[in-house]
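Asker: Just lifted these from Swiss-Prot, have a look:
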{"type": "BINDING", "residues": "Trp134, Asn135, Lys158, His159, Ala160, Ser161, Gly210, Ser211, Leu233, Glu363", "note": "NADP(+) binding site"}
{"type": "ACT_SITE", "residues": "Glu232", "note": "active site, proton acceptor"}
{"type": "ACT_SITE", "residues": "Cys266", "note": "active site, nucleophile"}
Amino acid sequence: MPIATINPATGETVKTFTPASDAEVDAAIARAYERFLDYRHSTTFAQRAQWANATADLLEAEADEVAAMMTLEMGKTLKSAKAEALKCAKGFRYYAQNAEQLLADEPADAGKVGAARAYIRYQPLGVVLAVMPWNFPLWQAVRFAAPALMAGNVGILKHASNVPQSALYLADVITRGGFPEGCFQTLLVPSSAVERILRDPRVAAATLTGSEPAGQSVAAIAGDEIKPTVLELGGSDPFIVMPSADLDEAVKTAVTARVQNNGQSCIAAKRFIVHTDIYDTFVDKFVEQMKALKVGDPTDPATDVGPLATESGRDEIAKQVDDAVAAGATLRCGGKPLDGPGWFYPPTVVTDITKDMALYTEEVFGPVASMYRAADIDEAIEIANATTFGLGSNAWTNDAAEQQRFIDDIEAGQVFINGMTVSYPELGFGGVKRSGYGRELAGLGIRAFCNAKTVWIGSSKSGDAGGGSKVE
């Protein structure tokens, strides 16, 4: 895949970029490693916080310009692109304010371990490679960059090949915010370069957000090198609605949860599991609202759904829907790519889906909603968990017992009750099953790339350092 900005609304190639050479890659790794050796010791939390806040200031001041760039590169609506830029600023501010506290020494009961003092100290690992996707060109990378930099790590970003301008902008804005040269670099390289970078002994760890095959590849390399990783992979999130829910609010939120980011979000709701008593009403209302959405030019403020980011992505969801309908599923609306230039696919609703269909088993990365009828809460949870994925989940009910049941039994990294799954700097983010492992954001995210070092200090008179001959 070429490294290029291709406007998904027109299919026009706007700008192409020359990949970094092997020598340039080596120089970037060397620069990052040398910077880390100094940065981890010579900067304080207060200094890093000043730079993080300055970066946030720039993101806010340049939000309109940045939004236009993201919309051009991957087709998200201008309003959602601006919201993403502002969210990135919020992420930097969160870690500027909280990093020192989140990484403070954690005292242990020294007496119980025979020490004068004992605690856990969090220290940065070093150079972290980030392999990031195109769907949230800035936010996905900032979720790694802000905590990593505040912890004292440095970063190398290998971004998706179709968002090179976004990738270059992020490295530039972080440097303009005051972080020293080499703290955060973008390398415009193909996916084939990832293995070479990750195997370099100067690179300490990796984080990847992307497809399951990409995650498997990075995990295999990192495992061979014994390097820690965080993987945030695909999702096929359930959106469950029970009879006690506020039906109109649930429908409204469900539509937003499905078409956010033109339907291209790992945590978008994709499978709508509705109690049989309200199923028909819910589906009718949902279809009505999906039909009312405006599809078109993502720079038009009136547009609700823009194009898919890539032609192959558009073709893949079209095939998933076509195959399901051919196998007996019912198409309630949408279902055919729009005529004309660009990679547009309309909001689509499919019912009567069976277990042998790709819509049942695969992630659908576009504005396609799959509907399922559940007889009771047991069947709703069974359908929700009948997937290899476990990223986010949503459940709508005003029954306290049902809420607790969903919290306890849904197999996912996140459960949102009477809302839609959203990433917040203040909340840990990640999945289970084939949605990956490790966590981003909040305290979990900043500690993900730290060495949790156990410190045991005996008294100067102690002859039993570390507990002597006690069993490990």
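Note that Cβ sites are derived from N, Cα and C of the backbone, with glycine treated the same way.
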Asker: Could you say which of the recorded positions Ala160, Gly210, Glu232, Leu233 has its Cβ with the most other Cβ atoms inside 10 Å?
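Answerer: Per the Cβ count within 10 Å, the most buried is Glu232.
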Asker: List the Cα distance (Å, whole number) between Cys266 (active site, nucleophile) and Ala160 (NADP(+) binding site).
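Answerer: Just about 15 Å between their Cα atoms.
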Asker: With NADP(+) as the bound species and Trp134, Asn135, Lys158, His159, Ala160, Ser161, Gly210, Ser211, Leu233, Glu363 as its recorded binding residues, calculate the greatest Cα-Cα distance and give it in Å as a whole number.
Answerer: 24
Asker: With an 8 Å cut-off on Cβ-Cβ distance and a minimum sequence separation of at least 6, pull the same-chain contacts of Lys158 (NADP(+) binding site), or say none.
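Answerer: Long-range Cβ contacts: Leu129, Ala130, Val131, Met132, Leu187, Val189, Ser191, Ala193, Val194, Ile197.
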Asker: Residues with Cβ closer than 8 Å to the Cβ of Trp134 (NADP(+) binding site), same chain and 6+ apart in sequence?
Answerer: Glu73, Met74, His159, Ala160, Asn162, Val163, Ala309, Thr310
Asker: Which whole-number value in Å describes the distance between the Cα atoms of Glu232 (active site, proton acceptor) and Gly210 (NADP(+) binding site)?
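Answerer: Gly210 (NADP(+) binding site) has its Cα 7 Å from the Cα of Glu232 (active site, proton acceptor).
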Asker: Based on DSSP, name the secondary structure state of Lys158 (NADP(+) binding site): helix, strand or coil.
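Answerer: The three-state answer is strand.
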